[in-house]
Amino acid sequence: MIGAPGTAPAIGVIGAGAWGTALAQMLASDGRPVALWAREESLVATINHERRNPTYLPGAELAETITATTDLATMATLPVLLWVTPAQFLGQVLSGLPDYAGDLVLCAKGIEAGSGRLMAEVAHAAAPAAHVAVLSGPTFAHEVAAGLPTAVTLACSGGETQWQRLAPAVARPTFRPYYSADVIGAEIGGAVKNVLAIACGVVDGLGLGQNARAALISRGFAEMQRFGLAMGAQAETLAGLSGLGDLVLTCSSASSRNFSLGKALGEGQSASEALSGRNTVAEGAYTAPVLADLARQKEIAMPLVDAVVTLVRGQAPARDVVASLLARPLRAERPLG
Ligand SMILES: NC(=O)c1ccc[n+]([C@@H]2O[C@H](COP(=O)([O-])OP(=O)(O)OC[C@H]3O[C@@H](n4cnc5c(N)ncnc54)[C@H](O)[C@@H]3O)[C@@H](O)[C@H]2O)c1
Ligand SMILES: O=P(O)(O)OC[C@H](O)CO
């Protein structure tokens, strides 16, 4: 049983990394009980007894109404689960709950390497009866945990009926979801912006200036639009919180793990040095190669994404990669041309 008798949670969070823990804290901010699943036994004990998560979200004092557990089967009894394991582990962990039939809100941002599947496709295959939604937007975990305001896209595969169920379960005074029915668009914005944030970090690490960063955000958004529209996303979703909003956030701050990975590459660290020794996930490094493959299959030009692949594979130094991007033939600005 999760929680004290009479205080059983109606909502659970799967994954107690920085984002899962911050979401649990946000959901508990009005005193409601929240169940939080972690893989690590020791982390469960620390959260329950010391009210903190020093491994993934240091500095936050966690609400008393959060109860951590390693028992996935108990989580399956809850009607709403926010799924926050990193993108590459969604299928593996969700396969532990194949019969889950509640609302499954996907919060990871990435594309599955190997299969090229977006998160909702992975979820449909692993738990076919679940009602999938995607929550994505400009959300640094430490800010959300501290109660600072933000807004997100909540894209519901079950349309407005599902939104009517989920909005009150997820919204809090400083956490404002906006409805969308465009699941693919919400997923693509979050996955692509992580890759572009690595590129922006490289620009920062090389000291190329703020003009270059703004130019990269704009040309990166053109790549996101080209890819997204070809995959069936709606333009308004890509221009919204989960697309452009999150792109601007993640490309502007070393608080982003993806940006800081790129910054390290720009400062001259090798890809293996920059990637090793992290216990936090920079999703863009795993999404970039599979995204580049998907784009190639669809004959969509994504030169910035290709450049990030070259960098995370350690195939060329950052300065050379930037030089070859700048030497590309001049062309019209049209994002979709
Ligand atoms: N941190 C943020 O600010 C933030 C905000 C929005 C979205 N996200 C997204 O949320 C997702 C999770 O990121 P995070 O920041 O919470 O993670 P994190 O980097 O803080 O922690 C890593 C997580 O991966 C888990 N993990 C490691 N190996 C695993 C395995 N084999 N199987 C299952 N889980 C494993 C760890 O238990 C931990 O929960 C990512 O897709 C990220 O893009 C993060
Ligand atoms: O730290 P990052 O780069 O994983 O970004 C975190 C969130 O996705 C920002 O919205």
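Heads up, the Cβ atoms here are built off N, Cα and C, so glycines get one too.
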If I go by TrEMBL, which of Arg165, Arg257, Arg313 binds NADPH at the same site as Trp19, Arg39, Tyr56, Lys109, Ala141, Val281, Glu283? Arg257
Those binding-site residues, Tyr56, Asp246, Ser256, Arg257: which ones have a Cβ sitting under 6 Å from ligand 2? Asp246, Ser256, Arg257
Nearest to Lys109 (NADPH binding site) by C-alpha distance, among the binding-site residues Lys193, Ser256, Asn258, is Lys193
Enter the number of other CB atoms within 10 angstroms of the CB of Arg257 (NADPH binding site). 23
Sorry to bug you, but what's the C-alpha spacing from Ser256 (sn-glycerol 3-phosphate binding site) to Tyr56 (NADPH binding site), rounded to the closest Å? 14
